[in-house]
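*Asks:* Pasting a structure below so you can have a look.
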Amino acid sequence: MKRVVKVEIVTDSLEVENIIKLLEEVGVSGYSVIKDVTGKGHRGVRSGYEFADLFKNSYILVVGEENQMHKVVEAIKPIIKKFGGLCIVSDVILRIHRGDD
Amino acid sequence: MKRVVKVEIVTDSLEVENIIKLLEEVGVSGYSVIKDVTGKGHRGVRSGYEFADLFKNSYILVVGEENQMHKVVEAIKPIIKKFGGLCIVSDVILRIHRGDD
Amino acid sequence: MKRVVKVEIVTDSLEVENIIKLLEEVGVSGYSVIKDVTGKGHRGVRSGYEFADLFKNSYILVVGEENQMHKVVEAIKPIIKKFGGLCIVSDVILRIHRGDD
Amino acid sequence: MDIGLIINNLVHPPVLFFFLGMIASFCKSDLKIPDPLPKLFSLYLLLAIGFHGGVELRKTGINQEVIFSLSAGILMAIIVPIYTFFILKIKLDTYNAAAIAATYGSISAVTFITAVTFLQTLGLEPGGYMVAALALMESPAIVIGIILARLFAPNNKEGNHFSWGMVMKEAFLNGSVLLISGSLLIGLASGEEGWDTLKPFTKDIFKGMLSFFLLDMGLLAAKRIGDLKSAGFFLPPFAILVPVLNACVAIFIAKLIHLQPENALVFSVLCASASYIAVPAAMRLSLPEANPSLFVPMALAITFPFNIIVGIPLYYYLIMRTDQWIPLFWK
Amino acid sequence: MDIGLIINNLVHPPVLFFFLGMIASFCKSDLKIPDPLPKLFSLYLLLAIGFHGGVELRKTGINQEVIFSLSAGILMAIIVPIYTFFILKIKLDTYNAAAIAATYGSISAVTFITAVTFLQTLGLEPGGYMVAALALMESPAIVIGIILARLFAPNNKEGNHFSWGMVMKEAFLNGSVLLISGSLLIGLASGEEGWDTLKPFTKDIFKGMLSFFLLDMGLLAAKRIGDLKSAGFFLPPFAILVPVLNACVAIFIAKLIHLQPENALVFSVLCASASYIAVPAAMRLSLPEANPSLFVPMALAITFPFNIIVGIPLYYYLIMRTDQWIPLFWK
Amino acid sequence: MDIGLIINNLVHPPVLFFFLGMIASFCKSDLKIPDPLPKLFSLYLLLAIGFHGGVELRKTGINQEVIFSLSAGILMAIIVPIYTFFILKIKLDTYNAAAIAATYGSISAVTFITAVTFLQTLGLEPGGYMVAALALMESPAIVIGIILARLFAPNNKEGNHFSWGMVMKEAFLNGSVLLISGSLLIGLASGEEGWDTLKPFTKDIFKGMLSFFLLDMGLLAAKRIGDLKSAGFFLPPFAILVPVLNACVAIFIAKLIHLQPENALVFSVLCASASYIAVPAAMRLSLPEANPSLFVPMALAITFPFNIIVGIPLYYYLIMRTDQWIPLFWK
Ligand SMILES: Nc1ncnc2c1ncn2[C@@H]1O[C@H](COP(=O)(O)O)[C@@H](O)[C@H]1O
Ligand SMILES: Nc1ncnc2c1ncn2[C@@H]1O[C@H](COP(=O)(O)O)[C@@H](O)[C@H]1O
Ligand SMILES: Nc1ncnc2c1ncn2[C@@H]1O[C@H](COP(=O)(O)O)[C@@H](O)[C@H]1O
Ligand code: NA
Ligand code: NA
Ligand code: NA
């Protein structure tokens, strides 16, 4: 049982690989990705495309210590600014995780 | 970096289009949708159906200013009451978004 | 409008059935599941496998009264400890649900 | 009854794959045909039989038998849900009775296809226009079911949300009706020449695709049987007896209008079959009060296997037999 | 113009299934071919035509006609985006003009396939090397489009993120280019013997798979037309007139290098067609400033249907007619 | 060694498509066969070879050669994981040694199919009962692997969660075992008549479906090679040498029981192949301590390509050669 910060990111599916690289660099303990997310924002509707892996979003969830999560947000900012999406953070309690109690 | 309200909705996949219409009317800046959500609630198990696009839920995520999100909740209430699901709200911090900092 | 607790679980897709059994035993009013979640944690990358339903995570969302959600967390702990994943809880407001207001 | 007919039906590969699916599911094997592959097979089957039917219909043209058959089909699609509704009202509320009535009044294309395949093993081929009957019989029962529900429901407070336009759209423009009708028209328009173009796709690999699809149907039918545990003692026997009743009525009508045995069989199979695609889709908006975990597993887990395994040879047997009875009874 | 040509094209099953898809979409039917089934059909079509082309190319070998055709293809893939760009610059900003120019300079494999199918109903078969032309014509326009954008864009502040390596990878190694080229080489390597092995798969069921795919294209094309509402008055006519212009230039070149009518047709169809697969994929990274809700629906919802329905028979008519005009005009 | 054999194998379209997939992956092309299409192909292949094998088995009946072959298959499925385990124990802990032993004791159906295809290009056709051997050889190694792990593991503290019922279910009722065995029985039951029904689906388009599947295998195999970077120097050579060893043992046994060369080849290929479907599924519950990022890429990214490209012609060469050696050595 531990207070941690939860970071939620929605962005272009094709940027997931790049974001993961940044997460690894910051050194997070893990992350989760939901691939098929559609939506709408400033760039218009993004509902996927039947003929190519385009115009679709993904959702990325990372939880970790507050200052590490702060670094995560700073690291991914340029990608979100360029390819769209948003990033929200909130406080949660980590109840079960390997080694924790 | 801005305090916003996060609205999460789980409801019948076939109602997503109608909910989006209502979101547009309220004038949200965007929304995200995860299509393939299964689950169980008062209406029993909803785990999809192989032969038709039925019996499946979707998850909708919207973040925005508190009073706008309040309007969103009121607008979609009739649909959720009729077709099932739930709607939860919480406070989050918007860390990255177009034009924000 | 009611304060409830939101439990979010990420774990091996093949354990979803077992977790649901435990949720039923605790007697939750409902739950939602997102099947196709990839990710990385202490057990390495889990990005699915083309030839069998393996190496993939699912995301489970349950909302309910605080002490019931506490029971949920305790019930699922052994599965998460064995098959990996994490469980976070947070406070949210249930705005729309059958019979509630 | 000629046991050879049943055996002949049972050792047919597509039906055997249906059994394989059921067995796999009962053994709790992890064999699974993941989404949306079942949809691929069902779209294929609709396209292929629609197209084939259209090409055949162009050969025969529209003669008296065609008009009689199609009229009889529409007639049955209207009266079956009506009498079924009143049988169901004995035990069920109006909404569920109406939804189940629509289910049994509408048709199952794969049951139809299996009947055609059964006939082919006997060297028979039903008229192409029977595909037109199939297409015409899918929707009316939905409309009848909704009319019945509105006539008998306590008080239609939800009237404000209800729109007949919506109902008609769901009934007549749902994907399966449109694909089979459209493919039939394309077959009609392109004729023999079009047939030569598409034959390897729509005919040669057809039985293989059917086998694959029935494998999946077996997996699903077995899985859904459990859903009926809470359905009580009335509905499971209903899901067998009413199809037989519908088949008997259909056989009687088929004799009246002098259908050939092969056409009489597919006609009776259409009447005996129950819809698990078009009807559930239409019910969500039109009769949301009805419980899909009743009408879906009834059609899928009882009536479908019953028709595939026992019903088809049984109805055929009845058709061959009544050739002797009917004249006696008629004169 | 010989109305028989259009009708002959229209009653061909694959084209009829395209109409069925459009109609279903206009009726707001729920008919849908769910993801990733459209991908299955498109991968199949690329593999099959690539392989077939390779086998044929091995038969003919590399002669003068082949070299002329391929050179003409590359030439057109370079000049079409250039003159198209300047037409577009009249009304659009540099980024959108460049992206649309790349769209029209590149090709659509399914339009090509439909042209081949059209020819087959006339008893004609284009040379296998035209598939090589197809493969060669997919990528250059992408590179040209990006060069044009960089030459004419106000100031390339995003230069730091830009890499030509990335552009080349997107242009020449995208899945569809690679699959068709690879299948062509496999066809070349395995020849007649390989053909016998794969023929039932790559040839016999081909038209059926094409029908299925065009059904889906019809559904999608109709759905995307709405996206163009906000596109103004310039782009919709552009999406018809420029393909016709490109086809005319291609026919002229085809005459110059004495292509057979069947090869001239597929060549002009390649030039007239617009890419909706490779180009959008390449634009995301290379020209993110361009608006995909302009160039995608133009290619998919206007140019594609136009070519399939009117363009192919029209270009063929022009080719047959100009046999009489060209000599006059030439001497 | 007859270089012609390798070349003959290599220019065969399915193998060429495997290369295409590998090349696309090495070039980092975005070519991809999205889920669940690979599953469609693998289900199809299992159904088709099972069914074909059953039909053939009905023709030959159960004679001495059949009984000898099946017994030899089961024998190898038991002894291979045992000696493999002790080789692996030299460098690895018990759990990983047991899981890898199970991997190499079990079989890969697609490697088998490729061997059959290779034989067909030489005009040979192995006995249908070899499919039965395939089905029988899939599961035993899983059980042996788990027994070995339990015998040699330090202390079985997790014993409370362990159930043999679960293990047996995972081993004998997993989807691929069930589909191939079931299809074999269906082939047996429906015989020639059933064959005529399904032949266009299960035979004619077979090589095309195989090509598509191998294209995907190529993409995946190349992608997984990277997973082995951290595997050290022991496992990659193991993934080539042990299959060759297993093949040699198999060839020796095949000679003892006088198998025809074509049957000896598929038998040795079964023994040389490594499982990447049934075994990983069974290991999750039974040996969760074993690391799937060792045994999965070994089977998929090294052993599979090795067998497909070099192994099959090599084993065939050895079989043809040993016809001369064995008699010398035997007497
Ligand atoms: N207010 C919002 N609430 C939820 N999701 C959003 C919101 N704004 C943007 N998104 C998501 O982020 C994606 C890209 O946003 P944008 O860059 O603004 O086009 C959209 O397609 C949505 O999925
Ligand atoms: N307590 C809950 N926690 C999480 N999800 C729920 C809960 N209750 C309902 N849901 C979701 O909402 C859907 C419809 O709920 P209902 O209308 O109650 O049947 C269910 O299928 C679940 O996906
Ligand atoms: N810090 C984290 N943030 C988000 N998701 C995580 C995190 N750690 C683990 N996960 C998810 O839980 C799964 C199993 O984690 P593990 O048991 O640590 O391998 C991973 O594959 C991720 O999907
Ligand atoms: Na019926
Ligand atoms: Na072009
Ligand atoms: Na083996």
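Cβ atoms are placed via backbone N, Cα and C, with glycine included.
So TrEMBL lists these for the protein:
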type     : residues  : note
TRANSMEM : D:6-25    : transmembrane segment
TRANSMEM : D:37-55   : transmembrane segment
TRANSMEM : D:67-88   : transmembrane segment
TRANSMEM : D:95-119  : transmembrane segment
TRANSMEM : D:131-152 : transmembrane segment
TRANSMEM : D:172-190 : transmembrane segment
TRANSMEM : D:234-258 : transmembrane segment
TRANSMEM : D:264-282 : transmembrane segment
TRANSMEM : D:294-318 : transmembrane segment
*Asks:* Count the Cβ pairs between the transmembrane segment (D:294-318) and the transmembrane segment (D:37-55) that lie under 8 angstroms and are 6 or more residues apart in sequence, then report whether there are at least 3.
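*Replies:* Answer no: the transmembrane segment (D:294-318) and the transmembrane segment (D:37-55) share fewer than 3 Cβ pairs below 8 Å.
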*Asks:* Counting only residues 6+ away from its ends, which parts of the chain sit with a Cβ under 8 Å from the transmembrane segment (D:264-282)?
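*Replies:* Same-chain residues near the transmembrane segment (D:264-282) but 6 or more away: 42, 69, 72-73, 76, 80, 99, 102-104, 106-109, 111-112, 115-116, 118-119, 126, 130, 133-134, 137-139, 141-142, 145-146, 167, 170-171, 174, 176-177, 239, 243-244, 246-251, 253-255, 292, 295-296, 298-300, 303-304, 307, 311-312, 315-316, 318-319.
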*Asks:* What stretch of D:6-25, D:37-55, D:131-152, D:234-258 shows the most Cβ pairs under 8 Å to the transmembrane segment (D:172-190)?
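*Replies:* Ranking D:6-25, D:37-55, D:131-152, D:234-258 by Cβ pairs under 8 Å to the transmembrane segment (D:172-190) puts D:37-55 first.
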*Asks:* Most CB pairs under 8 Å with the transmembrane segment (D:37-55): which of D:6-25, D:67-88, D:131-152, D:234-258?
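*Replies:* Stretch with maximum Cβ contacts: D:131-152.
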*Asks:* Looking at the transmembrane segment (D:131-152) and the transmembrane segment (D:67-88), are there 3+ C-beta pairs under 8 A, with each pair at least 6 apart in sequence?
*Replies:* yes
